[in-house]
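Enquirer: Marked as transmembrane segment by TrEMBL: 135-156. Under the heading domain 'Protein kinase', TrEMBL lists 194-480. Annotation comment: TrEMBL describes 222 as ATP binding site. Look at TrEMBL and you will find 482-519 tagged as region 'Disordered'. According to TrEMBL, the feature compositional bias 'Polar residues' maps to 509-519.
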């Protein structure tokens, strides 16, 4: 191994090594599925290796900036991985000469120029350096193209090995996104998107472009506009989604922050947003009942993870079909954390300076302070409105509905169930009708006017979706009526988003009382 580089070793141990400065604990950045995860940045002898430990990954870094301090942080290791490692090679020189002189030419790495020096150089026994070069050239000519071909092969092999190592490091960083996301320059952004060529969509925040990393992975690059609220949204997104990893939360691979140029780089979701599938336009195939249920369950699990699966509670405040993305297997992933807020896990209520979210999905307590405090139940309400639209495959408010009673879908669904009628689904089997009814019943519980009447947590919502329909009791009627809601044309995809530009203040208030029926 070259003196210019040294290895970093990632290991998994069944037991935690005691009093060993060599083993740096990676928690909470990387959590092994079993045992404990460590990283070693110093030279490792066989005697230093614990019996219960095994090597997961070994990569090279530059020894010139290598970690030598025992107090080095994981950010130092991350920066060293991004820097890469250095290669060394011989300095090539070329000699020419005459009867009484000699000239040496070489490439100077510092100046990137060819330098030549001339000095008297007598011949020896009638043989000069020029004669020697001539004879050598004749010998090489006899050998033909063999040696050049071998050299070209070796150079290409070394180049591929270097690119392969780059891909390994990049894949490792992406598979452990509890590490800080990678910071890209704006020139990198332009390269990966080929000059912002392939636009996937555009919204109030800016445009999204399709791109490709050097490793070949496809990404979606969200270029943020220059709105005033944008800076806070950008910091919210990096601070929240950049620290978590869950199958139902979209992965933030990296970001760019160069003056006014701000971008977020996500994993590419080939099926686009959920709204395109539950409100399909002509020519598009809508989701089956089974697919709709699996997507709903995945979103519920993702929100549950945000609420209680991290070291800080993350409240999204903008759950809606447009912010649910689908991969090639229709696995749902929650996206767009621009309005999200962090708070301690034991805080049951928050103080907001203004309502935030999208009209039609905002919880009533964000407007009516007297019905209850703002908590994780705001996301539960938004999920209920989303679940109602997924199950019904229509918008909750549709001024163009055939019957006036169906203008506000949740109210009509409640009346149907209260009168022991079924919600008609065209060409649906009995099992699909049962599945849809369960989704609608859970949605009615989630959209109750008072937060205290909703399920206590998203974990409880997941249990209700996974359980049997017979165990879900009939909920009270939601206290919202059509006249309380903004009118939205079913053909109009526009959405109005409200947000606060003022900082959030976290205050502990009285605990939310638990509901009785769904628990």
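Every residue gets a Cβ built from N, Cα and C, even glycine.
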Enquirer: Including all protein chains shown, what's the count of other C-beta atoms within 10 A of the C-beta of the residue listed as 'ATP binding site'?
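Expert: A count of 25.
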Enquirer: How does the model score the domain 'Protein kinase' (194-480) in terms of mean pLDDT?
Expert: 87
Enquirer: By the DSSP assignment reduced to helix, strand and coil, which category contains residue 222 (ATP binding site)?
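Expert: Residue 222 (ATP binding site) sits in a strand per DSSP.
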